[in-house]
Each structure stands twice: as structure tokens, then as C-alpha cells.
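Written below as C-alpha cells is the structure these notes are about.
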Amino acid sequence: MIIINASTVSGIPAMLTNIKISSTVFRSSLITPGELIHPEIDEMSVMTYLSQFPVAKLDQVKKPLPPEEPMASGSLEGVNDFPVVNLPSEFSVNVVGDGYKPKMKITDPDGREMHHIVAEENPHRFTVTYTPQRDGLHHISLSLRDIALGTITPVESASRTVEVLPIVRLCSYPDRVRVGDAVPLRVEGAIRGPIEVVVVDATGGEHPLAVIEGPGKGVYSCEYTPKHPGLHTLNVFYNRVAIHGSPFPLRAVDRNNFFIWGRGISDDGIRINDTVPVYVDSREASSDHENDVKVKVVTDAGLELPVRRSKEGLRSTFIYTPTTTGKHLVYVTNNNEPIGQSPYKVNISPQTNSRVRAFGPGLEGGVADHQSVFSVETNGDADRLAFSIEGPSKTEIACQDRGQGAASVAYTPKEPGVYKVNVLAGGDHIAESPFVLMVDPSKPGFHPSAARLTGLEPEMQFVPGEPVPFRIDTRDTGVVDDAPRVEVLDKDLALLPINGSQINPGIYGYSFTPKKSGKYHICASLNGVAIPGSPFPVNIREPIDLSKLRIFGPGVDGPVKCQEPTHFTIDAKQAGPGAVEVALADRSGKAVAIDVLDNNDGSFTVKYTAPRPGAYQLNVVFAGAQVPPIEINVEPQVDTSGIRVTGLENAIVTVNCEQEVHVFTPDGDNTRIVITSPSGSIVEAVIESTDTGFRVSFTPSEIGDYSISVTYRDLPVGAPYLLHSVPDGNKAEAEYVVSRCGPPRADLVTVTGPGLGPVIAQRSTHVFIDTTSAGFGDIDLFVDGPTRTPIHCVDNHDGTLTMYYVPKTPGVYYLRVMFDSNHISGSPFQVLAVPALLASSLTADREKTESSFTTLSSGSSTPKTAPCV
């Protein structure tokens, strides 16, 4: 008997068989579980059912996957979106899942990973503490480390970016002020949120201050004037929360009768071994108080420096000399009570290596509304010179370059008071800077600009051992009874003895005797204001005779080949004593390295190697006197006579018009051509080989001079060729017609412009022709000279025209301007074209250059360049 458990059969989801009947495979349920226990099912039916199992196949059913284990996750809680620099910031990390610990990564704006501390509160909560070191955006990311496996899984959803803010602080302010003096207050770092300042005065009264935002991001400023002596407190709130350190103390003292100033209380710029003064001016004649004024200087090591005192009128002068670097405190007291803003904090710096020196009346005193002037000598050390002035009024600075490393600096103080003139080289104070001076009130009827110094003409020569006389005339200044102040400084800025006396009322005579050659300076002022032209430079030279100076040798007499060493001799045996300065430069002004050897017999040997062929200029200065320049023609080592360039006959072309240049050369592989645009970029050109060389095509796209350089084996072939590109317009090569109303008047045509000379060979120039008053007529233009000179005319459509031309070679050219077949006034104009080597000396008088001296206006932190004229 077969027993069938129907519940077991019904637990099988689907038992299907594959039964092949008549070659047909079909799927069907043989007997349902319920039919197995039906009374009509006999044993034969069951056996028949079971006999089919050996050939039956179960359907492929996917095995169910085990349930996924829950992933570990984490989150950040309590993150401060705006932490503050140098203040700890804390937040929490929550971890979901067992067996995990957080791994934090905090990076600053530069991507550097920051130090942080992770403290465990319980297995699922941790505390992270970090201290940002700089402001800006910081990134916080969380990863979870599996303690058992050591794997690390980042949690992307827990990343945060925070903005670290600078610490809000009240900038330094005088902690001791006088009653009635305004105290400027400045708060920095308040990037997010307003600032409120409330002052509680010495009587308990509250004074909310008007706060002004700026200048700058996060900067707020205000001003407070104490009206009562005693302790005042400054309460500063940021987003209605007191900032770190608030409230701040401010002590106000009764006003006294003393005014303290001088370089000796400057916070910076004083150097070791500088002798610096502290001036204490009494506002009233009170000998009892004046005698009780004392100055004490204490180093950072607690040592007290010696202080010398002198008195003149109502002013007491205290002088000390620091001998060590570091912080010093200057105590100024009266009856043992601090006066002014005592103690003054002074920082003593090491001695400067800068050779720049400044001197003159404008650094010693002045008068309001009158120009103050001083001089600067760079002595070959002009490293980013800058000037700034601090004082009661904003003061503009004007700088005039005097050449040879010298400059004259002028400023006009508008208000009386103490001014501080800062002279910086390379960002640091030069010797004796800052210069602290007193500007007196303006005096009615005082005209210092009317004073004159005479007797020192530029062409005059002075020698050591002989007196140098000069006079000063003050008759028209309004203060004829006031004698000028005159000082003479040698080349080391040391004072020289000077003889002076009054010749007539308002006329004074002076003289000094220099002992050595060099550059001397006469500083002359009247009541603290520089006499026009002061400081006056005076060059003292040893007696020399340049006619006896001989320069000879293969290096100047030739022939000179490029890249071959050569030499020449400078014989000064008969010319007198003096140093020799030699400079050699090519056509473009690029210096050539030279070696000067002293033969110890009054002669010198100069060695050099010219790097490339062309014209060079030799400049020799002997004992401070310039020897006429010598031109040296350097020949190439290779023969370039077989190379020539065509297509450049018309040196003036129209912009955006294709130009074609032909280069004839027997060796095209070693010949190069480079075209440079007016902006300095290299122009792309189409180069095609020809039987005789190659053809170059290009289109000028800019207005101005194009330079075309041809080289053979890196040696230039001739001078760089120039093409002058002009705007498209009406053109004529030799004739241009301008129609005006009225009869022709050639005498009313005018010609102006740099093209009237002197001009520079191979450079474009132009003239401006005005026919507006000449009536109707034809105008003809011609340029005659050593070579054919094409011209290009542009109608300005207002009765004027501009004519461009390029003199190809040095020499004399004649510009003929004909109006109605008659020469205009001055025609033909003689124009001298000089080589480029002489261009600087001929154009220096008519070109303004920008000085290398940088100036600052008072109250400004941004340097600006002052044009030197």
C-alpha cells in the first residue's frame, strides 16, 4: 500500500513534467495534490503517475537571494557653517551600524588636509574638533572604516562645505588720548553681519556711535571724541554679540600745554646708530612745566638709553641713538605724568644696505601753501623707489627725473602741522626715512618763488681746491631782512664749511672750496621753503684735457669681424687724472659685454666680441667728461652680398591689403625671414620656393610699423626692413588735391609735425598740412633725398591732410610743398635723417619719458607713477 502525503506534494510550487507523446513535448499537470486522496484514485492510477517521474524535468526556477544586510551610514550634526579663524569649531558624527568608526577629512582652500581630533561618546556618536588657520571655503567629508575588515567607505551625503571667516577684531588704537581729541576706531573681519559700537564714558553715559562700512570688505569705522577725563569703555558687537576682547579700555587725560613730535617717536624706519630727535613744544611760556618735561627711552631688554636735551625758545629737543634692534618704548612725561600718547612704541631696524639718499629743504621744514622740494640720489640703486606723505592735509607728489640716477621731488602742504615724508626703496625705508618736519602757517606777503641763486651756470667748470662763488637774491620775496639758509653737501652728503655775508639788503654772497672731485649739492631755502632750483647740483672735476685722450687699436680702427675677439687702447697719460667709463652698444641699443683692463700706466685696454654684424656705437667717459661717440662697423664672417630683398620699395602700405616680398638667395635652407607686427607678434606668412629663392606673402592687419628681418645663418642681412601700414583712404604718391573756397594763397598753408626733422632713418614719420585758410588750389608734395622716398597722403576731410614717409637711409632730405604751383612758406624744408644709434640724443629734448620713481599721495596706499618732465 502506498501512502502519499498530500501536504508534502502541495508544498512543491509547481512540479511539471515533460512528456513526449507523438513527438510532441507538452507541459501539463498529471494529477493535482487533491486528486491523490480522492476515493476513486486507485493504486494503478498512482503507479501510472509515479512512472512518469524518471523522465520529468523541473522548470528552472531562480534561487531566491538571501536578504541584503543593511548598509552602514553616517551623518554630520551641529556643523558651524561660518567658523572663525583660530577659534575651535566642533560638530558631531552619528554612525548607523555596528563595527564602524568615522574617518574625517577636512581640507583648507589650498587643498591641504587640516588637523582634527575625533572623540568617541559612544559606539554610534563621535565629536570632531578642528581649528581653522585661515579664512575661506573649507571642505568636510566623512568616511566609515570597517573595524573588522579595515575597508573605508565614503559617505557622500555627509559632505559639507563651510566658509571660515576672519576673526572680528578692533584694530589698534591709542589707549591713552587727550580730552577733545578724536579717536578713530576701525573694526576688521566683519564679513557677515553689522557692527555696533557703544561707548560708556567716564561718567557712565552711553554713546552709540555712527558706524560707516568700508573701505574694504568686512571693514567698519567710526570715531569717538572723549569729553571727560577718565576711563572710557568701547563695546563692540557683531551680530549683537560682543566680539572677542570687548569691552576695550580707553583712557582720556586732561589736555596739557605740550605738543610732541619728531622722528624719535616714529613707529618704524629708525635704524641702529641713527641719531633721532624728539621735540616737545610748549604752547605757553611756563618755565616750571617745561623744566619738568623728561624723555626716557627703554629697550625691549629693559635697558635705558642715554638722552641728550637742548632748549631753544618754547621747544625742547631730546636726542637718543639706539644701538640694538627690536621694540623700544619712548616715555615722555611732565611731573612724572605721561603726556601726549606716551609711551610711544618704536621699532628699531638693522642698518639699511640701500645706497639711495634723500636730502634738501623739503625734508627739513616748510610753509603751508608753498612748494617744498627735495632731491633723491639713487647711486645706482633705484629699486622700486616710492614716496608717500602723511600729514594734516592730502598732498600730491610730483617727481622730475634729472638723469644720472637723480630726481627732484616736490609737494605742496595745504595745512600747517607735522608731516612725515616716507622714502622707500624696495619696500623699505632708506637711510634717515621717515623724515619728520614741521610746516609753519602761511605768511601774508611771503613770496619765496621770487628768490634767485646766481653764479652757477651749467657750462661753468670747477676744480678741487678753488673757491666756488654764488649769490642769492631775496629782494622780491617780501622778507628782505630774513637771511637764507644755505648748506653745501659733498658726494657723501657730508656738510662742508661755507663762507657767507650780506652784500646789500636782500643780496647775499657765498662760497665754498671743494677738496675732491665729485658731485656737490647746494641746499638753499628761505624760511624753510626751497629757493627755486634747490638743491643745486655742482660737478667738481679734476682738470683734464680731452684733446690729449687717444683711442686706437683694431677694435675701433677695423676691420672688426663679428664673433671674433678684438681690442683697442685708451691712452690717457697726457689727458689728466680720472676714471674711464666705457659702453658699447649695437644699433638697437643692446649693450655688448666689454672687459676694461687698467695697464697701470695711465692707459687702458678694452676687449670685446661683437655678437653680430652691423653698426655699433662706442661711448667713453673720462673723468666725468663725455668723449664724442665713435661708430664701429662690424662685418659678418660670411658673405651675404648674394642675398637681396625686393618688394619693399613702397615702404607705406594700406592695411588689410596683401603684400608680396621676394628674397633672392643662393642658399634658401639657411635663409630666414621674420615679420613682426606693430603689437610685437609674429605675422603668419605664406612662403613659396622659387628658382632664385622664395616668395613671401602676408596681409598687414594692424596700423603701424611692420619689421621684416632677413637672416642668413643667424646673421642679419642688412638692417631690418620697415613697412608702415596706414588706414585705407584716399591716397596719392606724389600729388594730392584739396579744394577750398577763395583764391589760392600758398603763404597761408602751414606744415607741422615730427616729419620736419630731425627724423630717424628707416622709421615712419609724418607731417600735418593745413590748407583751411589758403583757398582753392592743388597741393603737390615731394620728398627728395639720397634715395627714392615714397609718400602716402591721407585726407582728414577738414581741409587738412597727413603725409607719411619713411627715409630709408641717413642723410639730408628736402620736403617740397607746392600749393597752386607755388612753394609755401619755408618750402623746401630741409630734414636731417640720422641713424637709429643717434636717435636718443636727438629726440630727448622733445620726448617726455616716464620716471622710474613711484610716488604715493598722502592718505593713499596705492603707489602711482608721477610723470617726470
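Heads up, the Cβ atoms here are built off N, Cα and C, so glycines get one too.
According to TrEMBL, the features are:
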- 851-862: compositional bias 'Low complexity' (COMPBIAS)
- 850-869: region 'Disordered' (REGION)
- 77-164: repeat 'Filamin' (REPEAT)
- 175-252: repeat 'Filamin' (REPEAT)
- 250-348: repeat 'Filamin' (REPEAT)
- 348-439: repeat 'Filamin' (REPEAT)
- 443-540: repeat 'Filamin' (REPEAT)
- 541-636: repeat 'Filamin' (REPEAT)
- 635-725: repeat 'Filamin' (REPEAT)
- 741-833: repeat 'Filamin' (REPEAT)
Go ahead and report the DSSP secondary structure tallies for the repeat 'Filamin' (541-636): helix first, then strand, then coil. 7 helix, 50 strand, 39 coil
Go ahead and report the DSSP secondary structure tallies for the repeat 'Filamin' (741-833): helix first, then strand, then coil. 6 helix, 46 strand, 41 coil
Residues of the repeat 'Filamin' (77-164) by DSSP state, where helix covers H, G and I: 0 helix, 56 strand, 32 coil
Within the repeat 'Filamin' (175-252), how many residues are helix, strand or coil going by DSSP? 0 helix, 41 strand, 37 coil
Can you count helix, strand and coil residues in the repeat 'Filamin' (348-439) using DSSP? 3 helix, 48 strand, 41 coil
